[in-house]
Amino acid sequence: MKKNIGLIGWRGMVGSVLVERMICENDFFHFNPIFFSTSQKNSKGPTINGEYFGVLKDAYDLDILKELDILISCQGSDYTNKVYFKLRDIGWNGYWIDAASVLRMNQDTVIILDPVNSNTIRESIDSGFKTFVGGNCTVSLMLMSLGGLFSEKLIEWITVSTYQAASGSGAKYIEELLMQMGSMYTEASGYLGNPAHSILNIEKKVRNLSCSDKFPKKNFKVPLAGSLIPWIDKKMRNGQSREEWKIQAETNKILSSNKDILIDGLCVRIGALRCHSQSFVIKLKKDISIPEIEQILLNHNSWTKVIPNRKHDTMTELTPAAVTGTLNTPVGRLRKLNIGQKYLSAFTVGDQLLWGASEPLRRMLKFLI
């Protein structure tokens with residue numbers, strides 16, 4: 001018998017990508033979907049593969065929610081906080097799959113990334129776990145690209161610098177980034193290509209605009225286009241941002257590490273739209289050759305591609321422009337550092353909305369249906 005599965009937040013950015021992937025993989029043929037809304041209950045629901053799925057249900061109606069076998073939420077932490085615990089309190093024993101961060105570190109929650117921790121997921125289902133949550137986007141993308149080194153237990157510690165896309169903050173942030181880009185172009189467009197105007201004068205006009213009150217920065221609070229923001233999320237007591245804290249904490253939970261792998265670094269927002277990039281310095285436990293490392297990385301999963309450490313390959317295949325909209329999680333710039341043969345550099349790229357958010361949720365369903 002097909003399971004009844006509720007989808008909440010399916011029209012948002014992550015939810016839309018999730019539904020798109022589910023259609024692409026013919027997932028909707030394998031269960032009965034019920035679509036919910038937090039703001040437009042009783043509105044017309046979607047038609048998928050020629051089948052109309054009825055009006056939207058109220059996402060806050062516990063009586064409807066509690067009748068379902070599985071709930072998938074891409075609605076965010078506020079919704080999870082309002083609904084999840086109430087559902088559990090009234091005895092709902094179904095599976096909760098969530099993209100939000102609020103439940104990740106709870107003891108009764110499993111962080112899901114099946115190419116990395118499928119055994120943990122299966123064991124948790126057998127043990128009665130009911131809550132499965134996607135990981136932080138940078139963590140999931142790092143583990144996809146560097147998974148072979150983790151699975152072979154070759155890593156002693158990692159330092160990382162992230163280059164995170166606007167999509168990690170949400171849809172309105174992507175829109176604001178594009179508005180900033182458009183505003184800068186409008187300011188400069190009348191002068192570009194005109195030899196009578198020096199590029200320094202044009203740059204000054206754009207710079208003055210970006211520092212003015214006219215510049216669109218309601219969400220970011222500061223310019224991102226033509227700039228960057230070296231801080232993401234709240235401040236922790238030790239001086240880390242919460243985004244930086246998540247990397248070590250979530251990685252070791254996903255890996256079920258007996259001894260924590262030490263990971264730290266700086267998380268930076270840049271003007272990419274939906275692809276996160278990361279630069280790593282990795283201390284290996286032993287000296288192994290670059291060809292061996294490349295083979296270990298390639299063997300881990302079918303989405304990881306090793307990009308040769310050459311300028312043309314790197315510029316054409318190891319960028320957000322090359323990776324956006326794909327499930328590829330390439331890794332490149334692999335070389336030993338001058339400080340020692342156990343020290344490895346690496347650079348990775350991955351789509352924040354796919355492996356960084358929606359794809360682990362979609363694949364989790366395979367374990368449950």
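Yeah, the Cβs are placed from backbone N, Cα and C, and that goes for glycine too.
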- Message: Among ARG269, ARG274, which residue does Swiss-Prot annotate as binding substrate at the site that also has GLN164, GLU243?
- Response: ARG269
- Candidates ARG104, GLU243, ARG269 (binding-site residues) - the one closest to ARG11 (NADP(+) binding site) by CA: ARG104
- By a simple count, how many Cβ atoms lie within 10 Å of the Cβ of GLY168 (NADP(+) binding site), its own Cβ left out? 24
- Residues lining the substrate site besides GLN164, GLU243, ARG269 (CB within 8 A of their CB center) are THR138, THR162, GLY168, SER169, ILE229, ILE232, ASP233, CYS267, VAL268, HIS276
- If you count Cβ atoms within 10 Å of each one, which of the recorded positions ARG11, ARG104, LYS246, ARG269, HIS276 comes out on top? HIS276
- Message: So the record assigns ARG11, GLY12, MET13, VAL14, THR38, SER39, GLN75, SER167, GLY168, PRO195, GLN352 to NADP(+). If I measure every Cα pair among those residues, what is the longest distance in angstrom, as a whole number?
- Response: 55
- Task: Let me know the DSSP-derived helix, strand or coil state of GLN352 (NADP(+) binding site), please.
- Result: coil
